[in-house]
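TrEMBL lists 33-52, 73-97, 129-154, 237-256, 262-283, 303-321, 341-359, 386-410, 416-437, 481-503, 586-608, 677-701 (among others) with the feature transmembrane segment.
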Amino acid sequence: MVLIIVRLLSSVPKSSMLFLLGQPHSCLLSTKYLSVFMCVFAAIIFLFLGSVKGFSTKSEPCTYNKGSLCKPALANAAFSTLAFLLGALTSVLSGFLGMKIATYANARTTLEARKGVGKAFVTAFRSGAVMGFLLSANGLLVLYITIILFKLYYGDDWEGLYESITGYGLGGSSMALFGRVGGGIYTKAADVGADLVGKVERNIPEDDPRNPAVIADNVGDNVGDIAGMGSDLFGSYAESSCAALFVASISSFGISHDYTAMSFPLIISSVGIVVCLVTTLFATDLFEIKDVSEIEPSLKRQLVVSTILMTVGIAMVSFFALPSEFTLFNFGTEKAVKNWHLFFCVSIGLWAGLVIGYTTEYYTSNAYSPVQDVADSCKTGAATNVIFGLALGYKSVIIPIFAIAIAIYVSFSLAAMYGIAVAALGMLSTIATGLAIDAYGPISDNAGGIAEMAGMSHKIRERTDALDAAGNTTAAIGKGFAIGSAALVSLALFGAFVSRAGIKTVDVLTPKVFIGLIVGAMLPYWFSAMTMKSVGSAALKMVEEVRRQFNTIPGLMEGRAKPDYANCVKISTDASLREMIPPGALVMLTPLIAGTLFGVETLAGVLAGSLVSGVQVAISASNTGGAWDNAKKYIEAGASEHAKTLGPKGSDAHKAAVIGDTIGDPLKDTSGPSLNILIKLMAVESLVFAPFFAAHGGLLFKYL
């Protein structure tokens, strides 16, 4: 690997070296800010949960296992805090290692593209697979070790043990929020600046080294799409596991101390890693890519193969790891469940994920009519392009919502809230494959950027562009999986919160609940407004800086002078660190304020409202942006007679498509993907703080 990197560095200009070596610096800067947040929020967790029983060190009667004593509230506070820190550190480590892997993979993919598109594809996909396996195995290993170590203190108090474990999911998801929001602002500020000035105003190619924002743009792809997506899916995995483990701990599994059945969620995830390992061979060893047209089918084949093999794995685990009949907690009652019920719960989550993935692909791939219609609308200007793109995004919500609704109904009917939790886990059971095909996209994109900046042959750039075109669709599929799993995870966490807070029913006709419902439904729009404006403000500064350099640096357009890349990188870095704080504060403070001042019933309404509203907005935003992006690439590629009538690059239709793509960038890479973290982070935070809210919440209503 060292030899490959040295060979590449000897052939590329200083700009590409900055791209390869500058990403860890940005990551370390953000880590410093995140360290402060981790320490402050860890202190809040300890103080809030410790005060539930006045920092008592005496054992307390168990909430669910009547007649038994559980560990003191102070111990739960301490272990929940420790679990939060472990989850946060694991999430940060996963994102950082993913960026390191991608950085080297970018260069290797560029070099392999000299030998053919097949070699480049295998390199890019294997690199994505390494990240996928690293993240899934890392998350599972840390969670398992945490449970084993915590058990040394808790002993037979499984209720307290798995309640404290929920902090692990909170830590992972809180870091994912900042990774997604900060990374999205970073990459889209640079992308918008590079496109508007470079492509539209100066009419220079994408990733042209004369563009001052090109380094920041390429670095941003890894910050947002690699670190952001990785920490996002890690958060979903951690939260779904924690929700399932908590509900199981207050059911017959936990009360009878059946450790094998209790570990059912972890076993499912373990089988998923093995299945994904076998599935990867279908793309890298069993089927060789010989032509550009085979790339996208090969990636989609990964989804189908992993889903089929995982269904078999789920059946084996369900029938061998679970007793034939058992009971599960169902809001104060016990529901009799058979092992085949859980097989169907996990399987329907798995297959719902496949439906969401293929629906997303249909609405965002330029191989199908929806994106082609958007491209065709560019003939009459940017306005009609925007109208068609928005309509496509709204329409793309329909099938995923029906898939999620069916999965919820079936899984809840069969196994109550535990069924929904394991359905979410089923959707995430092939997380390694999902991350592999998602990380493949930015790796291929940056390989093309390096080829352009290094002045390599046009044939190499064509090959990397072909890889990137397929990667755009797979990235959209990855976002669809993330959003769909977030809906199921959030509902499972919502059920766990309602159980832990002692709420009998969530009645929307009650004023306390309804005000929470309507405010919660508003939060995704508030959050989206903050993130969109953050991208716009940062992009404005980037556009001004790029224009300044083109206007003031003599010989820059002619290629006789080099731009100041570092200044553009600094603008993106400063903007992402500064602008991620307000949206993050909105998400983290809302449950604390609602639960403390208005009580658990209002907070339940907030969670329900944000879940119902957030899923719709997230799917629509992500697919709208993805469709605009691929409509632009459809015109640029000119692969069909229809596309040729809209092109070439620089035509009026192409300029309209670039404007649509620029508008869609913050939708698909900042606001949309971040919303799924909003809904699940608020839910898991509410679950962690549920004992405090139940004991001391509703201060405003108590004194009015």
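Quick reminder: no glycine exception, Cβ is built from N, Cα and C everywhere.
Heads up, TrEMBL stuff is auto-annotated, nobody curated it.
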Of the listed stretches 33-52, 303-321, 386-410, 416-437, which one has the most C-beta pairs under 8 A with the transmembrane segment (237-256)?
416-437
Between the stretches 73-97, 129-154, 303-321, which wins on the count of C-beta pairs under 8 angstroms to the transmembrane segment (33-52)?
73-97
Proximity of the transmembrane segment (262-283) to the transmembrane segment (677-701), 3+ C-beta pairs under 8 angstroms:
no
May I ask which of the stretches 303-321, 386-410, 416-437, 481-503, 677-701 has the most CB pairs under 8 A with the transmembrane segment (73-97)?
677-701
For the transmembrane segment (129-154) and the transmembrane segment (341-359), does the number of C-beta pairs under 8 Å, pairs 6 or more apart in sequence, reach 3 or more?
no
Contact check, the transmembrane segment (341-359) vs the transmembrane segment (677-701), 3+ Cβ pairs under 8 Å, seq sep 6+:
no
If you count every Cβ pair below 8 Å, which range out of 303-321, 386-410, 416-437, 677-701 shares the most with the transmembrane segment (481-503)?
677-701
Long-range environment of the transmembrane segment (386-410) - Cβ separation under 8 angstroms, sequence gap at least 6:
344-345, 348-349, 352, 355-356, 359-360, 363-364, 370-371, 373-374, 377, 419-420, 423, 480, 483-484, 487-488, 491, 615-616, 619-621, 623-625, 627-628, 631, 659-660, 663-664
